[in-house]
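Colleague: Straight out of Swiss-Prot:
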| type | residues | note |
| --- | --- | --- |
| ACT_SITE | K20 | active site |
| ACT_SITE | D148 | active site |
| BINDING | P106, V107, A108, S109, G110, I111, G112, G113, G114, S115, G116 | ATP binding site |
Amino acid sequence: MMSDVKVSFKGHSYVFTPIKLNLTLHVVGQRTDGYHLIESLVYFSFSGDCLSYMPCKSNHFILTGPFADELVSDTGNLVVRAHDFMCKAFPKCAKPAFFRLVKLLPVASGIGGGSGNAAGVLSLLRQQWGLDCSCEKLAEMSLVLGADVPMCLFALEYRQPLFVRGIGQDITQLKEACSLAMVLVNHGQQIATKAVFKALEKRDHPPLKIDLESLKTVDSLVEALQETRNDLFIPALKIAPQLSEVLYALDESGALFSRMSGTGATCFGIFKDKEAAQQAALFIKLMHPDWFVKPIITLGML
């Protein structure tokens with residue numbers, strides 16, 4: 001339920017951080033500083049990692065969950081970095097904090113887990129510290145934490161799919177975009193974002209052209225997606241050939257459309273409804289018990 005996404009009581013808060021899904025990802029250029037320019041239709045689901053917060057006399061961070069061993073729990077973690085960022089950005093309001101992250105999503109998987117966690121910290125502290133700072137301003141400031149952090153912050157604030165341009169800072173809300181039933185599948189191999197972009201041979205692909213009216217229904221959206229791309233799939237496939245097997249499994253389980261998200265290795269399948277997605281997830285997990293398989297419902301109009 002939407003009301004369960006972010007909960008606060010007596011200074012204690014928790015949030016299920018957003019899963020970020022690039023339904024399209026067109027790489028249309030590269031800046032002189034090395035940052036790539038993208039155009040992406042991005043969907044979200046509030047079924048990611050669980051981040052809890054409470055005020056504390058000194059800073060503490062606890063990392064647990066099935067994928068915790070694959071992350072660092074020191075100053076390199078985005079939860080810690082996001083808290084440090086907020087303390088420096090708002091020194092008069094800054095307070096020590098206790099954060100506990102239950103890591104439920106695979107690491108380095110192309111669905112914005114770390115960025116979603118950073119956005120969760122920013123969102124919780126903005127609320128708990130009573131900051132006079134708009135989501136838009138905070139999103140602009142947060143770009144230093146990572147290109148996906150601003151869009152994840154927008155997702156937490158506005159709970160809508162987004163159209164993202166530039167290096168991730170140019171964000172448009174898609175208020176009439178439909179919700180989607182999906183299945184996420186990850187075969188277990190981590191794919192480093194830098195490695196994928198390094199393997200990208202062309203950096204000036206054609207821009208994204210999609211009729212916003214097509215986003216209103218599942219059928220019209222699926223049809224429109226056929227004319228779009230994820231320009232990072234081919235370089236990611238060179239690093240992780242198993243991606244083809246994952247997409248095949250999604251298609252065989254009845255997906256209307258399947259694609260890799262972000263830089264991988266997580267792939268998604270779009271299904272006609274929640275029941276079809278759940279059945280497909282059971283089928284894929286039965287055939288591939290070692291894979292990460294998760295049925296989700298995205299933000300959007302029902």
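Placement of Cβ uses the backbone N, Cα and C atoms for every residue, glycine included.
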Colleague: Tell me the Cβ contacts of G114 (ATP binding site) under 8 Å, same chain only and six or more apart in sequence, or just say none.
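Modeller: The list for G114 (ATP binding site) reads L78, V107, G146, given in order along the sequence.
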Colleague: In the same chain, outside P106, V107, A108, S109, G110, I111, G112, G113, G114, S115, G116, whose C-beta lies within 8 angstroms of the Cβ mean position for the ATP site?
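Modeller: Here the nearby residues are K20, L105, G262, T266.
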Colleague: Just to be sure I understand: of P106, A108, G112, G116, which binding-site residues have a C-alpha no more than 10 angstroms from the C-alpha of D148 (active site)?
Modeller: G112, G116
Colleague: Roughly how many Å lie between the Cα atoms of G116 (ATP binding site) and K20 (active site), rounded to a whole value?
Modeller: 8
Colleague: Looking at the binding-site residues P106, A108, G110, which has the shortest Cα distance to K20 (active site)?
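Modeller: Result: the closest of the binding-site residues to K20 (active site) is G110.
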Colleague: When DSSP is mapped onto helix/strand/coil, what comes out for G114 (ATP binding site)?
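Modeller: Its secondary structure by DSSP: helix.
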Colleague: Among the binding-site residues listed here (P106, G110, G112), identify the one with the smallest other-Cβ count within 10 Å.
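Modeller: Fewest other Cβ atoms within 10 Å, among the binding-site residues P106, G110, G112, is found for P106.
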